[in-house]
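Colleague: The following block contains the structure, expressed as structure tokens.
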Amino acid sequence: MAVDGTLVYIRVTLLLLWLGVFLSISGYCQAGPSQHFTSPEVVIPLKVISRGRSAKAPGWLSYSLRFGGQKHVVHMRVKKLLVSRHLPVFTYTDDRALLEDQLFIPDDCYYHGYVEAAPESLVVFSACFGGFRGVLKISGLTYEIEPIRHSATFEHLVYKINSNETQFPAMRCGLTEKEVARQQLEFEEAENSALEPKSAGDWWTHAWFLELVVVVNHDFFIYSQSNISKVQEDVFLVVNIVDSMYKQLGTYIILIGIEIWNQGNVFPMTSIEQVLNDFSQWKQISLSQLQHDAAHMFIKNSLISILGLAYVAGICRPPIDCGVDNFQGDTWSLFANTVAHELGHTLGMQHDEEFCFCGERGCIMNTFRVPAEKFTNCSYADFMKTTLNQGSCLHNPPRLGEIFMLKRCGNGVVEREEQCDCGSVQQCEQDACCLLNCTLRPGAACAFGLCCKDCKFMPSGELCRQEVNECDLPEWCNGTSHQCPEDRYVQDGIPCSDSAYCYQKRCNNHDQHCREIFGKDAKSASQNCYKEINSQGNRFGHCGINGTTYLKCHISDVFCGRVQCENVRDIPLLQDHFTLQHTHINGVTCWGIDYHLRMNISDIGEVKDGTVCGPGKICIHKKCVSLSVLSHVCLPETCNMKGICNNKHHCHCGYGWSPPYCQHRGYGGSIDSGPASAKRGVFLPLIVIPSLSVLTFLFTVGLLMYLRQCSGPKETKAHSSG
């Protein structure tokens, strides 16, 4: 059971891969009377503090809500991939000039989860605008919750959504058979020649990422009280619900931009077919500044009886990667069903037929308008067929902070000729160094940087970047710049602790790697574990991934595949999607961790480059290679044995010697580090070079022997005299 509400990606076998992609237009059929609420109940969510065995993993929140005659405990956690961190919102001036603003969207106020003791429940909340707003689905019933504005006691209203099927009569699709045939004939030839079907072995991936742009027409804007902030809040709510519906397909729906037609519609709204056609042409030019996978238009038009329309399998194929969703003014959860349905068409899904099933009375791609939250086996098959053939734009997770960033004064990023950029008006009012026009205030020398303090350059020799480990090196300010020198570290291949070698600022070894995953008592497993597991070529043991194939490790490279551990005392608490494996080999229990295709998170189980794999050998790119492959232009002799080579092959001198070659007296550092401070005192090298270690050891042993010799005769004599 998904105890903590973790959404399980249902894997449905794709029975048939069709050649070509059928493209047509599919209308979400005509609506009947609008949905109605029951009378709302007033509830006050109370935070639940879990302790002991009932405590949730970090990141989970729990609230108790009493409605419908009983108490419900909601468990939820933050969604991280939903809205771009700097969301571009486009509106229009009175003279129809386009304005762009970038909202800073908090990444900790969109939640999803479940209701305790309610199997198949769903919770989708936002808390960005004061209180909880969203949807709860419990035992086949749907509820919407919203905060009571300005309530001093955190009061909310909970509405039960009527789900009587008589309110949802059969709906007619907007296409005739003749139109379907025409669309198929028009697009089939070009599509078949353009597509290159992918391997059937790649039909399941861990995650897809659909970057969505939403355009809101003027009637929708009027319905949202002609308030741009209210429009944004409504759009966020709908996308949040839709995203939760698509989790079962392993798909993230990520909002990357909104355009609001606040001054009137850009083109007429006469029929749903005309709106879709005009929208697909308009967006090709007007949304070109936003790289997106799909664009959907939210309209509100009671004169258009069709709820939605989209090009089937238009994903990744501009300009037909779009759809239109018609809000009927009923409930946001039902409108989210419409959006999920039309987005399903964009992703290649057809309407469900008699042999399609999802385990519920109503399914998302049903031709009947009923509350639904699941896709059928037919929808899975259509989705996988489309994404296999043309879903390349869905493969890569977006960098949410970099989706859209106009270069301009006021975006908080120093660009071009700007001296500084303090961001918004409110931020600039609190900035002592930077003005609103991106110039420095009078008397200020700087406004940011590791070597800027109180609008002044920090003095020469001031430490600005402390070394973080034995393979790192410090940097100091030069007194004339706000920037700390570029981060430098010890040259690759220089020995570090535990008979390891520094590599790219790290001192890696298998034992330490095992301790990081399994705790302080764990250690690297025997050679038999590495040979047996890493030669299998599966997600628990391999030497890399080529496309969709796990590569078996050659016998000489088994220590460079996946780390294998033993002496494991505790099972670690890991991120979602990781799986632990323990295998008994020759009386030893070998522990490892998996990594499968397109997890899109850091692989903590792969052996890190630079890890020792044999005498004088290290792992690089899953191969066990000789240390000689590393370029050692700089040697200890280069630094006169008084310093260490850095990653630029320059000498970083010990205290008492000056760069570049540590020949003359000075305060240490390198030509890259900035001038070292004269106040550091005695220099203690970060790297224990073996020769120095031996000298230290011999000195210590000699000293002990000397002391023992000095004290020995006295003890012997005293013992003899007794």
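Cβ atoms here come from the backbone N, Cα and C positions, even for glycine.
Sharing the features that Swiss-Prot gives for it:
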type	residues	note
BINDING	CYS173, HIS341, HIS345, HIS351	Zn(2+) binding site
TOPO_DOM	197-681	topological domain 'Extracellular'
DISULFID	CYS316-CYS393	disulfide bond
ACT_SITE	GLU342	active site
DISULFID	CYS356-CYS378	disulfide bond
DISULFID	CYS358-CYS363	disulfide bond
DISULFID	CYS464-CYS484	disulfide bond
DISULFID	CYS634-CYS645	disulfide bond
DISULFID	CYS639-CYS651	disulfide bond
DISULFID	CYS653-CYS662	disulfide bond
TRANSMEM	682-702	transmembrane segment
Colleague: List the Cα distance (Å, whole number) between CYS378 (disulfide bond) and CYS316 (disulfide bond).
Modeller: 21
Colleague: Spatially speaking, which of the recorded positions HIS341, GLU342, HIS345, HIS351 is closest to CYS316 (disulfide bond)? Use C-alpha to C-alpha, please.
Modeller: HIS345
Colleague: Averaged over the topological domain 'Extracellular' (197-681), what pLDDT does the prediction give?
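Modeller: Computed over the topological domain 'Extracellular' (197-681), the mean pLDDT is 88 on the 0 to 100 scale.
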Colleague: Report, in whole Å, the straight Cα-to-Cα distance of CYS464 (disulfide bond) from CYS363 (disulfide bond).
Modeller: 59
Colleague: Are there any residues in the same chain, six or more apart in sequence, whose C-beta is under 8 angstroms from the C-beta of CYS639 (disulfide bond), and if so which?
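Modeller: Within the chain, CYS639 (disulfide bond) has Cβ neighbours under 8 Å at CYS645, CYS651, HIS652, CYS653, TYR661, CYS662.
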Colleague: Based on DSSP, name the secondary structure state of CYS393 (disulfide bond): helix, strand or coil.
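Modeller: SS state of CYS393 (disulfide bond) = helix.
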Colleague: Spatially, and counting Cα to Cα, which of the recorded positions is closest to HIS351 (Zn(2+) binding site)? Options: GLU342, CYS358, CYS393, CYS464.
Modeller: GLU342
Colleague: Which whole-number value in Å describes the distance between the Cα atoms of CYS634 (disulfide bond) and HIS345 (Zn(2+) binding site)?
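Modeller: Their Cα atoms are separated by 61 Å.
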Colleague: Applying a 10 Å Cβ distance cut-off over all chains shown, what neighbour count does CYS651 (disulfide bond) have?
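Modeller: A 10 Å sphere around the Cβ of CYS651 (disulfide bond) contains 28 other Cβ atoms.
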Colleague: Taking DSSP three-state, what's CYS653 (disulfide bond) in: helix, strand or coil?
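Modeller: SS state of CYS653 (disulfide bond) = strand.
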Colleague: Identify, in sequence order, the residues in the chain of CYS464 (disulfide bond) that are 6 or more apart from it along the sequence and have a CB within less than 8 Å of its CB; answer 'none' if there are none.
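Modeller: Once residues fewer than 6 apart are set aside, CYS464 (disulfide bond) is near LEU450, CYS451, MET458, GLU475, TRP476, CYS477, CYS484, PRO485, GLY674.
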Colleague: Could you say whether, by DSSP, CYS645 (disulfide bond) belongs to a helix, a strand or a coil region?
Modeller: strand
Colleague: Tell me the coarse DSSP state (helix, strand, coil) of CYS464 (disulfide bond).
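Modeller: Reduced to three states, the DSSP call for CYS464 (disulfide bond) is strand.
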Colleague: Helix, strand or coil at CYS316 (disulfide bond), per DSSP?
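Modeller: Reduced to three states, the DSSP call for CYS316 (disulfide bond) is coil.
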Colleague: Near CYS393 (disulfide bond) in space, meaning Cα within 10 angstroms, which of the recorded positions do we find among HIS341, GLU342, CYS356, CYS358?
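Modeller: Checking each Cα against CYS393 (disulfide bond), there are no hits.
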